[in-house]
Structure formats: structure tokens, C-alpha cells
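Written out below as C-alpha cells is the structure these notes cover.
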Amino acid sequence: MYLLIDVGNSRIKWLYGNKVPSTIEAVSYKQDWQMKLIRAWHLLPEPEAIALSSVNKAEITTTIEEIVRQLWHKTVKIFVSQKQTNHTLTVVYQKPEKLGSDRYLAMLGARSLCHDPLCVVGCGTAITLDAVDGDGRHLGGFILPGMRLAENALLQNTQKLVPMRWTPHLLGNDTASCISAGIHHALPAGVDHIIDELEGQCGYYFKRFAFGGDAQILFGNRPTYRIEPDLIFGGMFAHLSPPKQV
């Protein structure tokens, strides 16, 4: 069994198992997350291996490594984006280690599900998109503010507090619902537009995957998108798998 850990911007998620889907647990940084990890992991049988992806501060990774050492006297494998992985994915970045490990693992996870050209959309603090062709070549990507960042940008100079209400309606009828409608519809529409343009340039269609905490809100009602909440963990398993023979 593996213990796989995803250190995000707002919470830590982990999976104990040998495949996806499996039960995924999480703790917010607003809680006493160190103690919760110790209490939860103390109940687990010793994992065969422990691996971690992080987009947060190095101090959090260091704390988790210390917890793992205390519990099992094991080291933690830290995922870093690579130029080539198991004959499955080739990253376009000149310095692949600069690519966020969450984006890298999400592409690997999608490639484990589909070998067609694909786009992977991350829906968290930021909206990220990465495109991969049918041969596993990473074509590049983009990053936009996520829902909460967009909301904060609109409200930061507002004198009064505006309680947000997420709405499926195209138009709002007060300030809160107008902001909600704008963000809710503009973000996925912008992503759609970029993918449509990319398809026109490349001359073929891309399968569309979405993952992250806001994936269902933003893309759940769009039938062209496949919502895969466990995509990063799927990428971890793909990375840890033995290389395929070619």
C-alpha cells in the first residue's frame, strides 16, 4: 500500500491504497493539521512507500517528512516534474522542474486514462490548463485566477462586505449574484474558447478533463468535460509504475 500526499494551497489531501479511486481524506490548514495527520496516520499499517506533491511552502513538506519519520522511520519521495516520464509524457518546459508538480501529475493521470490529445484543467486557487498531444508531448499551458482570487480582486476595494452567493443564472440581480454570475460563467467560457482555438490550430479535437475543488462548480454542467477529482493521485500512481516497454 502507498501513502500518497497532495499538499495544496488550502488543504492537505492523502490517499492510502494501491489504486484510484480510493478513499481520500483531507485536512485544512485552518485546523491543527499536524496533529490531525499524526492521529489519522498513526492508525494506518506501515505503507510500502510514501510520496508527496506540494505547491505550498517548503516548511509544510519538512513538517510532513518529520511526521513520517516519527511514525515509520521512512523517507518521503518528493514528486518533481521531469522532462520525460515512462514513455508517457514529454514536458515542453526548458526547465521542467519549474512546472508545478500538480499540473505535471494531472497530465500523467489523464494520460493513464486516455492516449488521445487532451487538455487538463485544474480548478483550485488558480485555473490552470495544460494541453498534451496524442504522442504525449506537452504543448504548453496557461494560468488564470481561480474563483476565489477573482472574487477577492473584485471585492478588495469595496467598502462594504458583499456576501457571495453562487448561482447558475446567466445574470445576477444584485451585486453578489452579478459577481457570482460573471465569475461562474466567464472562467469556463474563457477556458472553452482557448481550447476551441487550439483545436482549430492543431486540426484535431482534445479530450477535456477537469480536476480540483471547483471543477464540479465550473465544469460539471458542460458535457464535453470529464470531471476527475482524483487525477493528481492517478498521476502519482502512473509516475510510480515501472516504465512501459517500447
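Each position is counted from 1, following the chain as shown.
Cβ coordinates come from backbone N, Cα and C, glycine included.
Swiss-Prot annotates ASP6, VAL7, GLY8, ASN9, SER10, ARG11, ILE12, LYS13 as ATP-binding residues; of THR85, THR88, THR90, THR125, the candidate listed for that same site is THR125. In the three-state DSSP classification, GLY100 (substrate binding site) falls within coil. Nearest in space to SER10 (ATP binding site), taking C-alpha to C-alpha distance over the binding-site residues TYR93, GLY100, ASP102, THR175, is ASP102.
Among the binding-site residues listed (ASP6, GLY8, ILE12, THR125), THR125 has its Cα nearest to the Cα of THR175 (substrate binding site).
Secondary structure at THR175 (substrate binding site), taken from DSSP and collapsed to helix, strand or coil, is helix.
Highest Cβ count within 10 Å among the binding-site residues SER10, SER101, THR125, THR175: SER101.
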